[in-house]
Every structure is written in C-alpha cells, then in structure tokens.
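Notes follow the structure.
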C-alpha cells in the first residue's frame, strides 16, 4: 500500500538517498534528510503561533468592546469640549466687543477695520501651527504641504476669494452692529442667519427641509419680530442709544445675516467638493481676508491710520476681542469636525441666554420687557 510505503520507507515521500555510480540506491545507507515530508519529525519544536490566536475568543471580544467604548468616550468628550468652547467664544466675543466699543476712554477709539485684519493674521498663524503639528512637526513637510495645496492649486485657492471677501464684510458689520445695539438684541436678531442659511442651502445645495424645520424657522422669525417691536417707553420717548443709531445697527445685522448665510453655504459646498483639510481652507480664507481687510482700512480709515497709526486705541481689552474673533474661525472648524449642527445650535441658544443675563446684570445696557 502507498500509505505503508510512505510510513516505512523515508525515501518514498521525498527524502533524498545517496546514489551510487550505477544510479541505484544503496540499502544500507540513510537518506541525507531524516525529515519526511509526509509526517512531522518526532521531537521537533512546533512552529511559532500568533499570540493573538492563543487568546480565548471571549477575551478578544472583551478587548474589542473596550476599544470601541474608548473611541465612543473620546468622541463624546471632543463633542462636549467643542460645545463648551463655542459657547465661551460666542458669549465672550459679543460681550467684550460691545463693552470695548461703548467704553469711554481718553484718546481715539480703536479702528474696527484694523482689528479685522489683525484677527485674520492671527488665524493664519494659528492654522499654520496646526498644519505643522499634523505634519509631525517637520518644517520640510509643512513647506511641501503649503506649496502643493496653495501655490500649486491657484484655481482652488481663488475659490476662497468670494467667501473671504463676504466674511470680511460680515466682521466689519459686526463691529458696526454692536456699536449701535445692546448685546441681547444683537444676539437674537443675528439668529436670522439660520433662516438665510436654510434658504441658501435649499437653493444652492438642493437640501430638503422637513415640516418641523420650516416651523422652527417661522418661530424664529416671530421671535425676531417681537424683539424689534417697539416697547411702551420707546413709543413715548424715542431715545437713542448712546453709541449711535439703533436703525444703523439693525441694518448692519440684517446685512450680516444674508452675507453669513451665503458665505457659509458656499464654503460648505467647497469643502464637500474637495478633500483639502479645514486648516488649509482657513489659511486660504485668512489670506484673502487680510487682503480685503487692508483694502477696507485704506479706503475708510486711511486718513486716521496715517494720522494716529495702525494700532491707535489698542489696549488689553482690544487684544482680547481680536484674539476671540480669530479663535472663532478655529472653533467653527472644530465643531464641524467633531460635533454636529444640533450641538452648534444648542451652543448658540445657550450663548444667547448667557449674553442676555450678563448684558442685564453686568453691562446694564439691557432692560427686559414684555417682548424680550
């Protein structure tokens, strides 16, 4: 039988026997290799096995569940962290900007146009540091990424010129609005950007809104109408705010709402059509934003800058406002990456409540009425 031959004759299964002159096998000699290909050698060590295969299946499943729970915990922590930072940034920016624009000090007041330019430059520097960190702190890799993603793609870079110019206009309008409106009125009225964003999303991105979403927008418009409804004291005595005209502030907010909605949807469309990182896109936005901002400084405040300098009226509070405004672009990018629109809307609502309370108790420039 072949099986018996394989077990009894080592050479039958592939072992090599010494061959004599006549080419025949000598019966008294052993094969050159004592290992048979048909059966393992007795006493030989078994091949090394993967340590993961030695683990029981239940232990492997437990480790997999533990890793999945750690990932979910990390994701939840990042969501709530971005939520908290967004609430802090939005509330702090509105209140400090309002306070800085209405604070009476000796000397000239700082120029909002220069503050916008400085904020854009700080945002560019922060994004470059983040790209540097993502490139494992390698200057060569950072230089290659910036060269490949910005200089070698001029058409992709030019796409950001439109939203950048609109964002620059919006940031300047924000200063105008808060110079003429109290913080609470500004915060509530500025939420009309949700309506403009929804309209532009439907028209530009083809999104479909449900019944509850349209109902929420109607409630939002109703709330804004109540906020702008004149109170009894305003009907009897039409007082103006000390910092300027309330009508000018209202027009600035409405213009900022439309510009914010269009620029946000346009930027979202660009992000979905390309694979570039959010930090690279923020660098491109900041580049064009600083150029448009410098043009605005030259056109509107050129004489004041030549007379009193670019940083006229800057103090510690002004730099806090500028840093918070630069942080806004980074916070929105983090929210887009780690959180969602539900958390973003919740953060905005919470910011409105905090701004209203601080505006009433601390700044004392807001008195609640029947409508607000």
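Including glycine, each Cβ sits where the backbone N, Cα and C put it.
What TrEMBL says about this one:
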type	residues	note
REGION	19-55	region 'Disordered'
TRANSMEM	80-99	transmembrane segment
TRANSMEM	111-132	transmembrane segment
TRANSMEM	209-227	transmembrane segment
TRANSMEM	247-267	transmembrane segment
TRANSMEM	279-299	transmembrane segment
TRANSMEM	319-339	transmembrane segment
TRANSMEM	346-363	transmembrane segment
Legend entry - Selection from 111-132, 247-267, 279-299, 346-363, the stretch that has most Cβ pairs under 8 A to the transmembrane segment (80-99): 346-363
Inset, instruction - Flag the pair the transmembrane segment (279-299) / the transmembrane segment (346-363) as in contact if three or more Cβ pairs fall under 8 Å (sequence separation 6 or more). - result: no
